[in-house]
Amino acid sequence: MLGLNGTPFQPATLQLTGIPGIQTGLTWVALIFCILYMISIVGNLSILTLVFWEPALHQPMYCFLSMLALNDLGVSLSTLPTVISTFCFNYNHVGFNACLVQMFFIHTFSFMESGILLAMSLDRFVAICYPLRYITVLTHNRILAMGLGILTKSFTTLFPFPFLVKRLPFCKGNVLHHSYCLHPDLMKVACGDIRINNIYGLFVIIFTYGVDSTFILLSYALILRAVLVMISREQRLKALNTCMSHICAVLAFYVPIIAVSMIHRFWKSAPPVVHVMMSNVYLFVPPMLNPIIYSMKTKEIRKGILKFFHKSQA
């Protein structure tokens, strides 16, 4: 479809959808989203503040945890404007270019989280398999280089997406199925040849989620092999316990991704609300759970929290 000036038609605005099939009780839905955002933002800001101010936490493991917390803040803040406007203010329109920007940041932060989880698995591998070399291997300069590498990889692989979408005409309406902009959702209302978008999207998924998850599994296979040769049962339990927070974070991130993929591939007749709810779980649950997981499972974080409250009451 062509516009009046002969260029491919692109709507000025796109209409966002809250949760299909839920017409009543939106006040409760808005309240739930606000609580999720509050827990995520306050929790991750607390982790960042605690790691910054507590000298005992100036270690490689907590540097990576700070990266994860900062990235989770990015995930939350990238979806917050349209989700709040849709559910709290009943304003469900977003400008086309603004939608592309939001899509870019949502996917970029999502892929960065996968890379950070891979870096954290490397941290656990070095800590357990080469404990005497832990500090010398994971220096601050190397951690910074790894963080910049993750950022550069995610940014460069996702950078073409807005331009690949912008070249397409949109003739199947302007209604999206989420309260935020995602690339697969935009492809459902786009016309023309979307094969390049689909092929490149598949390449990016394999290049990020596929490669990262493979190396995470490999690192834990090596960790498990190192743990099994330890003589003391207490040593084995202590080593595995240091990995529990990271394992929980990996599961919280990858299980929803796998579930969304399985539903999309094997349950094509699933109601739209199922796809929307799983996408919401994929985007909202990890940023909310990660601070809780590390606060509960990591003794040093708990000590830092107790020390902070003790100082505030003194």
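Using the three backbone atoms N, Cα and C, a Cβ is placed for every residue, glycine included.
According to TrEMBL, the protein has these features:
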TRANSMEM  28-53  transmembrane segment
DOMAIN    43-294  domain 'G-protein coupled receptors family 1 profile'
TRANSMEM  62-84  transmembrane segment
TRANSMEM  104-122  transmembrane segment
TRANSMEM  143-165  transmembrane segment
TRANSMEM  199-223  transmembrane segment
TRANSMEM  244-267  transmembrane segment
TRANSMEM  273-293  transmembrane segment
Intrachain neighbours beyond the transmembrane segment (244-267), with Cβ under 8 angstroms and 6 or more residues off its ends: 68, 113-114, 117, 120-121, 124, 209, 213, 216, 220, 274-275, 278-279, 281-282, 285-286, 289-290, 293-294, 297-298
Across the domain 'G-protein coupled receptors family 1 profile' (43-294), average pLDDT on the 0 to 100 scale: 90
Selected stretch (most C-beta pairs under 8 A with the transmembrane segment (62-84)) from 104-122, 143-165, 199-223: 104-122
Same-chain residues at least 6 beyond the ends of the transmembrane segment (199-223) whose Cβ lies under 8 Å from its Cβ atoms: 111, 114-115, 117-118, 121-122, 124-125, 128-129, 153-154, 157-158, 160-161, 164, 183-184, 239, 243, 247, 250, 254, 257
Winner by Cβ pairs under 8 Å against the transmembrane segment (143-165), considering only 28-53, 104-122, 273-293: 104-122
Same-chain residues at least 6 beyond the ends of the transmembrane segment (104-122) whose Cβ lies under 8 Å from its Cβ atoms: 61, 64-65, 67-68, 71-72, 74-75, 78-79, 146-147, 149-151, 153-155, 157-159, 161-162, 180-183, 204, 208-209, 212-213, 215-216, 219-220, 246, 249-250, 253, 283, 286
Folded-back contacts onto the transmembrane segment (273-293), same chain, C-beta under 8 angstroms, at least six residues removed: 17, 19-22, 33, 36, 39-40, 43-44, 46-47, 68-69, 72-73, 75-76, 79, 106, 110, 113, 177-178, 180, 182, 245, 248-249, 252-253, 256-257, 259-260, 263-264, 267
